[in-house]
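Heads up, the thing below is written out as C-alpha cells.
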Amino acid sequence: MAVPAPFSLSSDPFASKSATSTILGPAVLKIGNFEQTHFGLFTALRRNQGFTLKASMGPPGFTEKLNNNRLKTLADAEDGCDIFNDLKDRFLSFKKNKYMKNIEQFENLAKVQTPKFMVIACADSRVCPSNVLGFQPGEAFMIRNVANLVPTFESGPSETNAALEFAVNSLLVENILVIGHSCCGGIRALMGMQEDDAERSSFIKSWVIVGKNARKKAKAAASNFSFDEQCKHCEKESINHSLLNLLTYPWIEEKVANGELSIHGGYYDFTDCSFEKWTLDYRGTKLEENGSIAAKNKIFWC
C-alpha cells in the first residue's frame, strides 16, 4: 500500500487532478431529499392527528388554538428542513469543487493519514482552525474542548489526552499547536469562579479548574486591571499553562527533548482578526510546579 507524501501547508492541496469516479448520482440525492423532507412533515402531522377530535370537546376557541399550534409545528418542521438543505448545498459544493476534482488525493487519505500538526483548540463556534488557518483534509489532527485546555498527565484519562496519545505515538505528528482566542467564555468562567465553586456540581467548573494555575498567575499579574482585561491576560496565560502541561506526558517530553516534536502556542483575536504564534523553548523552560515557559520564534500576523 502506497503511503502518500505528507502535505505541505505552503503548497496547494487542491491542485487540479482528473476525476476518475462518481459517488451517488443526482437522482439518488433527489430521492433522498424528497424522502427526508416528507418524512419530517409526516412526523409533524402524526403528532397532531388527534387535534380535530379533541377540539370538538373543548371550550370555544379551543379548535382555533389547536389549529394554530398545528401550523406552528409544520412551520418549525419546514424551518428545520431549510437548515439542513443549506448544509446539503454546502456538502454538494464541497463534493463537486474539491472532492471530485481531487479524487486521487482523497482516495489516498482514505487509506492513511500523515498530518504534521496536532491542534488543540476551543470548542467556540467562532474559532474553527480549519477556517482561520486554512488547514486542509489530512493536514491536522484536531481536538476541541472548552477553553482549549490540556490537563496534566496525572489528571487521568480524558478525550484530550486520548487524542494526544494517538497523534503523538501513532500518527507521529511533528507539531502540537494549542490555540486560544479572545472573548473566551470558558476562561471567563474560570476567572469568575469563587474558591468553593470547584466543589459544586458543574461539568464546566469541573473542567475549567484545569486552568487554575493560569488563573492564579493572571490574577496576580493583572490585579489592578478590569475583569475583562484580567480575562484577556488569562486567555494567553492558559495557553502557556497548557504547553507546560503537555510536558508532563513522558512520551511528549522525550520527543520534545530529542527534537522530534515541537510544541507551539497560538492566540487568535477575532475582534481585530490578528494571530500570535510562539514556540516553546524546551531548554529555557522551567518544568517544576508553577513553572514558566521560555518562548522563541514569536510571530504576529495582522
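Note that Cβ sites are derived from N, Cα and C of the backbone, with glycine treated the same way.
Taken straight from TrEMBL:
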BINDING   C122, D124, H181, C184  Zn(2+) binding site
Neighbours of the Zn(2+) site C122, D124, H181, C184: Cβ within 8 Å of the Cβ centroid, same chain, sequence order.
A121, A123, R126, V127, A147, N148, G180, S182, C183, G185, G186, I187, E235, Y268
Tell me, how many other CB atoms lie within 10 A of the CB of C184 (Zn(2+) binding site), whichever protein chain they belong to?
24
What count of other C-beta atoms do you get within 10 angstroms of the C-beta of H181 (Zn(2+) binding site), across all chains shown?
23
